[in-house]
Amino acid sequence: MQIGFALFNALAVGMAIFLVAAGITLIFGMLRILNISHGSIFMVGAYIAFTVVGIEPGSISWLLVGGLVAGGVLAVAGLCINFGVFRRLRHVDEAYSLIATFAMLMICNGLVKLVWGVNYHSISAPDALAGAIFLGPVLVPTYSLFIIGMGIATFLALEILIHRSRIGKVVRAIAHDEWMSNLAGINTPLVYALVVMAAFFLAGMAGGMLLPNQSVSPLLFESYLLQSFMVVIIGGLGNIRGAFIASVMLGLVDGVNFLIMPELPGLLIYFLLVTFLLWRPQGLFWQPGADTAGHTEKAPDPTSIPSAMPVRLSPQIACIIALVAVLVASMPIYVNEGFLFIAGFAMVEALLALSWNFLFGYVGLATFGHAAFFGIGAYFVGFLLRDYGVSFPLLLAGATALGVLSAMIVGLVALRRTSGIALGILTLSLGEILRRIINYSKTLGSDDGLSGIPRPTLEFGLFSVDLSSERAYFWFLCVACATVALLLRALTVSRFGRMMVSTRQDPVRAEFLGINVQRVRLTAFAISGAVAALAGALHAPWAQIVTPDTVSYLHSTQPMLNTLLGGSGFFWGPVVGSVAFSTLGYATRTLAGLSEVISGLIVLVVVLGAPGGILGIGKQLGIFRAKRPQAGSPDDAREGAHP
Amino acid sequence: MIECREIYKNYGAIKVLKGISLTIGKGETFAIIGPNGAGKTTLFKVITGESRANSGSIRLEGEDITNVSASARVTRGFGRTFQVARILAGNTVLENLIIAIEARQRNQGVKPSWWRLGPAPDVVDEARVLARRIAMADKLGLSASFLSHGDRKRLEMGMTLALKPRVLMMDEPTAGMSPSDRHDIVNVIKRLRDEEGLTIMLTEHDMDVVSDLSDRVMVMNYGETVATGSMEEIRANTAVREIYLGEEADHA
Amino acid sequence: MLEVRSLDAFYGDSHVLHGISLRVAKGARISVLGRNGAGKSTLLKSVMNAGPRARGEVLLDGSDLGTLPSFRRARLGLALVPEDRRIFPHISVMDNIRLVEAAAGPQGLVDPETILAAFPILKPLVGRYGSQLSGGQQQMVAVARGMAARPKVLLLDEPTEGLAPVIVDQMAVSLTALCDALGTGLLLSEQNIRFARRCTSAVYVIESGRLVYQGSWEDFDARPDIKQRHLSV
């Protein structure tokens, strides 16, 4: 009986995931855009439906009305988003479309907080669905049956539409070859718009149907976000049958997880995903020309490649840098404690972002789990510093080594099998596994994290430097971050740096220069992991607390946002982005929701309008282009290296 | 120099290469011709290491390199150019050449200096000399993304020469070029062949280029060798005229 | 019928076509000859607004097509059969042909009988998936698909490339038969002079994006220098 109950429960969970994942699958299958914001769109749908039906929806049909209204509103929103955002993202690098949809996620989440507030609401199921019935010997909640029914109905509708109808043939033809479909007289922009509207409508419907399934709060977006990605990945990137089967699998695995280790919720799913990605990174049902187009490797935009040549500083620039350095270093004198705290964080975040862009900008690998390396460093230092008082320089070295080691392990496994989105999701899953393990570990403080981490004293035999004051540690942070950043910069303009940019631009060409591309990637991965871990290690004594949030995927997105805002095509772009983001965060800190909306909007505008980021805009305006005699050459700034 | 034995290659159920064997002598220029889809490019890729044959063996100067990766084949002396030139579009012409020279140095085990930022002066000098050789000395600071098709091919040739290869593999070296560019590139190849004694293997559609350059020609069709021999022998071969040269042979 | 007036076309920064002007009268069949990279494909794609950035006029039945997207041009009666064929691998041969229904006018698609009569080689293949066809068969399907929507002018890009001579002969027969039956004009880009001569009545020659010759096949044959200079390989 217990098993039967669990089985139905698991199926209900799976179908709920499918209801949300169906829309992501549709959009991905058609537009090749992994819409990270879909969970938030779903949340908006739930809130709209909640506004319509209230706390106690009277009947099933009332719940349906709520879903339909939410679906309708979102379909219109989808139409606008298709023309405003998606249409512009179809021909850009995957990483940019991920960031743009992440910006949409921030905007949606912020809007929800602004419009509906931050309270939790529990919606009860309508009376007809509140009970339970016996199916044979098994007692099943009617609401579970309702969700399972809705899931199956949605699947059948999509299955018939996509695989059995004329419209489906047209849709799949466009997904396979948009250009030829146009030549066949098909109005492809219209079909794209309709598909996006359908996907958004489904999200709204799901929002309404699943209202009684969980409480409605601004955190709702998270409950389905990662699971529905997994469904899309396991199912085979855009295949609706695959998504359905993967949803059922996920529900069942989650059920098993609940039975055998209830204290570690969701862990098995991630293990499943990691194993799956390594075994079959293209997904269950992926076949070229099935529901989706083949994977075509797009060459990166030449202007997005950071320079691997040293630039001679003009006296003006050198003066500006010196001025900024003095301003930052003297901060403890003229700013208040709160601001100083933020400034210290910004430096650490900048280092983390630099390490991320070392991989993305120079080698072309986008990881979604960089916070894991950061967290490893932070927990390592926090734990040993607080409980064992190990010498701080030793800890920094240890954290760096640990970063290299973990990145090597991850890289050896991940880089062999995956790239692009699969690599992103794989690293994200590994990060989430780590977070769940930390959450579970009593030694590491579970949910509350490690608090009361002391600031260390540096012992140098003859003399010692006391870093326990905020001021002292801030100065130490300045020196440490600047040193590491400059070392990293030196590496990017070395022979290895030039090998990195060549593998990013054209791995085949690099291979035929005799460069072992895999080894370059792995080395870059290890260095990046080391710097990220070191950033975490520096972070722990500054914050004096390390929580599982440091490891979460949300923190992993921060270096990406910082990098793309500042400009991924520039070594210093991530630093500029971190400063901009921190300033923004500080300026809007008192406005719940509004800060997310504003940051989201800015990121969206930058990604859509100026993919080169802030520094890219600066370069276009010619602000820091050195004037040189070779007037005709469009890229003369780079010639600066050669006298 | 290069010896292939009984190369078979399938893509799924489709048999692309059905037991190709060939031998290219040192300093020889060897051309592969045949209709589209005959398997020329696949054979090329199998020899360069981009794709692995299902069976058969490849030897370079007696050493079995069948299971050696493409990059390791480059360190053993292969250089390769592509039908659509593969260059680093985000870098300048000079940087492209520098990267190629540094890659060679690395393959030879030359260690970079620990303290220098940027490329060593001798590398930059060598790149400049190389740029003059490929007649691009006036475009050093130009981003490669702004180069014309012909210039891209020229730059790719320069990068490949920077590796100082012993065997040069060229896939359609004159494809899509204007007649004057075509003339230039043929002269560059001739000079390499005559002055440096390079072994060259190429695929080509332009029969004038083929007969101008090659010592021996192999004709492929449906994954099989139809004929191998000098250009005169090939022209006289009736099977070849039927499947490939057709009208051209009449008017030549 | 189809008229192109001083057309310039660009890919990125490279200027591919320079002031091309040509006419395809109603039901007329015209060849465009030229070497690889001369700009033949770019010309056909520009007429269709399917890729290159074009400047100049493209008129169909006297009205300028302006900036109309390619699906609208397809609906107005232009059909491009691209050189790489682009058969959809996941649907059957028949479905591939039916896919152009969106481009067909009020008369609807050409009925399958007519098409199969012109391309007898396709008869046993109608149920096969696109991915199960050989290169020659794919080319037949691509041409059949192009004709199915009764276009006023068919833009056919190097249909014989890589095909066995036997198939080329069949193609010439099928193509001319179907064009005659439906009164379709043809703008054929080719390198295979023999095939082009069999299918068309007049010749344009382009070299490096410029029109260097136009005339009938008789004139063309009387001028061996043209062939020598611009086409010989």
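Here the Cβ of each residue, glycine as well, is placed from N, Cα and C on the backbone.
Where the annotation comes from TrEMBL, it is an automatic prediction and has not been curated.
Computed from a predicted structure; not experimentally measured.
Pulled from TrEMBL, these are the features on record:
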TRANSMEM  A:36-55  transmembrane segment
TRANSMEM  A:61-86  transmembrane segment
TRANSMEM  A:98-118  transmembrane segment
TRANSMEM  A:190-212  transmembrane segment
TRANSMEM  A:224-244  transmembrane segment
TRANSMEM  A:256-279  transmembrane segment
TRANSMEM  A:313-331  transmembrane segment
TRANSMEM  A:338-356  transmembrane segment
TRANSMEM  A:392-415  transmembrane segment
TRANSMEM  A:472-491  transmembrane segment
TRANSMEM  A:564-586  transmembrane segment
TRANSMEM  A:598-618  transmembrane segment
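Residues 16-18, 20-22, 24-26, 28-30, 32, 34, 36, 38-40, 42, 155, 158-159, 162-163, 175, 250, 269, 273, 276-277, 282-287, 290-292, 421-422, 425, 428-429, 432, 553 of the same chain lie 6+ residues outside the transmembrane segment (A:224-244) yet bring a C-beta within less than 8 angstroms of a C-beta in it. Scored on C-beta pairs under 8 angstroms, the neighbour of the transmembrane segment (A:598-618) with the top count among A:190-212, A:392-415, A:472-491, A:564-586 is A:564-586. Nonlocal intrachain contacts for the transmembrane segment (A:61-86), taken as residues 6+ away from its ends with a CB within less than 8 angstroms of a stretch CB, comprise 27, 31, 33, 41, 44-46, 48-50, 52-53, 100-101, 104, 126, 129, 192-193, 196-209, 211-212, 604, 608. Panel annotation: around the transmembrane segment (A:338-356), residues 328, 331-332, 367, 370-371, 373-374, 470, 473-474, 477-478, 481, 484-485, 488, 527-532, 534-536, 538-539, 542-543, 558-560, 562-563, 566, 571, 574-575, 577-579, 581-582, 585-586 of the same chain, lying at least six beyond its termini, place a Cβ under 8 Å from a Cβ of the stretch. Through the fold, the transmembrane segment (A:392-415) approaches residues 278, 365, 372-373, 376-377, 380-381, 384-385, 423, 426-427, 430, 456-458, 467, 518, 521-522, 525-534, 536-538, 541 of its own chain, all at least 6 residues removed from its boundaries and within a Cβ separation under 8 Å. Tertiary proximity for the transmembrane segment (A:564-586) is limited to same-chain residues at least six positions away from its ends with a CB under 8 Å from its CB atoms, namely 95-96, 99, 303-307, 339, 342-343, 345-347, 349-350, 353-354, 356-357, 360-361, 485, 488-489, 492, 558, 595, 598-599, 602-603, 606-607, 611-616, 619.
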